[in-house]
Every structure is written in C-alpha cells, then in structure tokens.
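**Student:** The structure under discussion is supplied below as structure tokens; questions concerning it will follow.
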Amino acid sequence: MQNYLDLLKKVLEEGEETKDRTGVGTRRIFGPQLRFKFEGNKIPIITTKRVFMKGVIIELLWFLQGSTNIKFLLENNVHIWDEWADDMGELGPVYGKQWRAWETKEGNKIDQISNIVNTLRNNPASRRIILNAWNVGEIDQMHLPPCHMMCQFSVNSKGGIITHLYQRSADLFLGVPFNISSYAILTRLLAMHSGLHASELIMTFGDAHIYNNHIEQVKLQLSREPLEQTTELFIDNRPNIFSHVYEDFKLEGYKYYPTIKAEVAV
C-alpha cells in the first residue's frame, strides 16, 4: 500500500492550501490515481492504521440493499453516516437509491447492480458496464452528494474484472482507506456472481485532499512502516449478490498498526 502513502506524502508536502465547504480547510492536489492488483483472495487494505472493516462491509451491504435510511447501519453499530441523517434517519436519494432504483423520466426504476451482473455474464466485452451515483436531477435532495460517484467495469482476456472508480472528492486520511477496501470487495462480489475473477482496482480522484485538522494524524501514519500485505478475504457464496450477510465475509491475516482517530469534516 506504498502508493497510498506516497500520495499522502505528496499532498502533505506539495498540496495547495484551500478553503472548503466545511470551513476546516485542506491541502489538495487534483487528478491523482491509485492502482491495486488482486492476488488470489488477498484484498488491498491499509496497514499503517486499522481500517474499520466491519463498517466497510456493512456500508457496502447497505448500498446493495438500496437503502437510504441509516437504520440498518445503526443496528450493526456503524455510525459513519449519522452526521448527515435527519431525525428519521433519512439521507435523501443517496447511493443505495441510485444503485438500485434510479428513476427515469417515465417513472420507471433502473437496478444498475442487476444490470451490471447480467452484462458481465452475458456481454463482458461491453464498454457500457457503468455504475453511476451522480444523478444530477436529485443532487439537491441528497444530504451528502456522492463522493465516489461513478465506476466502469471492464473484463480482460483472462476473465478478470478491472474496476475503474472516479471519486470527485477524496478525503485521503479518513475516507479513501474505506473506499479502497469497499470497492475491492464490490469487485470481488461482482466477480463471484458473474463467473469471473477480480483483477485490478483503479481509483482516479478529482480533488484529493487532507483536511487541516488531520495533518498531525497523517504525519503519524507516514512515520509507520507498512506491514506485509497478507490480508485475505473469504466470501461465502449466495444465490445472488443481494442476499449476502455480514457473516459471509471472513477476513484473515489482517495485521495493522493502532487506530488513529480524527474528526470527520461535516
């Protein structure tokens, strides 16, 4: 995971100081990219601090449910969306709604995930295998517009899925470690349910930033030598991609340094 640490270091040392929506301020660069290869059951995961993998998996299952209410997250003691929910736990038409029930002008609903699985199975050479959460007609109704907003899936000649994610806004210290593992697991799930295998995860960032109140935490993380990537993720099979539960995911060999706490910029 040295490439992630190199990006942190670059933004810390070369990033321009910028005021932002939250009022905290950032150091940022625009347009960097990270690439991660899959090897067997290994998944890309940060070792220089602990990544809350239960939260990663529960959030992904929540997306796949098509939910926009934090009730499922709270039931599983995952509180990463609390700050943006209203008194009823609603977030507006965020990721789950767009992934599973994108509304057309005729009032029909499009299940992008089902379409992606079907296309991977039946037309893997397609250049139109795209997952999009940036619904411009509903952005104003979302309590937080999508940061990881769109990805394209491609299948290579060996039956390997390559996921290319575009993330318009990348909180490098808190958010991106989560996003890396989340889209790695999504790639594994899509591969499982389409008879393929996971090959590569590419992440292209728009505004890649470190919040000013994360600077000391980033320096601490950069002082740590990355541990060997030995983490394997085993996933029990299910009839379809939507029927998975948390207990299906078994993480083995994850070695990490202690947690580094930081405040989320809201």
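Positions of Cβ are set from backbone N, Cα and C atoms, glycine also.
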**Student:** In Swiss-Prot, the dUMP site includes ARG21, ARG127, ARG128, ARG168, SER169, ALA170, ASP171, HIS209, ILE210, TYR211. Which of ASN135, ASN179 does it also list there?
**Tutor:** ASN179
**Student:** Could you check what DSSP calls ARG128 (dUMP binding site) once collapsed to helix, strand or coil?
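**Tutor:** Assignment for ARG128 (dUMP binding site) reads coil.
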**Student:** State the three-class DSSP label for ASP171 (dUMP binding site), counting H, G and I as helix, E and B as strand, and everything else as coil.
**Tutor:** strand
**Student:** If you measure CYS147 (active site, nucleophile) to TYR211 (dUMP binding site) at Cα, how many Å is it?
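**Tutor:** Distance (Cα to Cα, whole Å): 15 Å.
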**Student:** For HIS209 (dUMP binding site), just give me the three-state DSSP call.
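**Tutor:** Reduced to three states, the DSSP call for HIS209 (dUMP binding site) is strand.
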**Student:** If you skip the near sequence neighbours and keep only those at least six away, which residues in the chain come within under 8 angstroms of SER169 (dUMP binding site), Cβ to Cβ?
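**Tutor:** Once residues fewer than 6 apart are set aside, SER169 (dUMP binding site) is near CYS147, GLY206, ASP207, HIS209.
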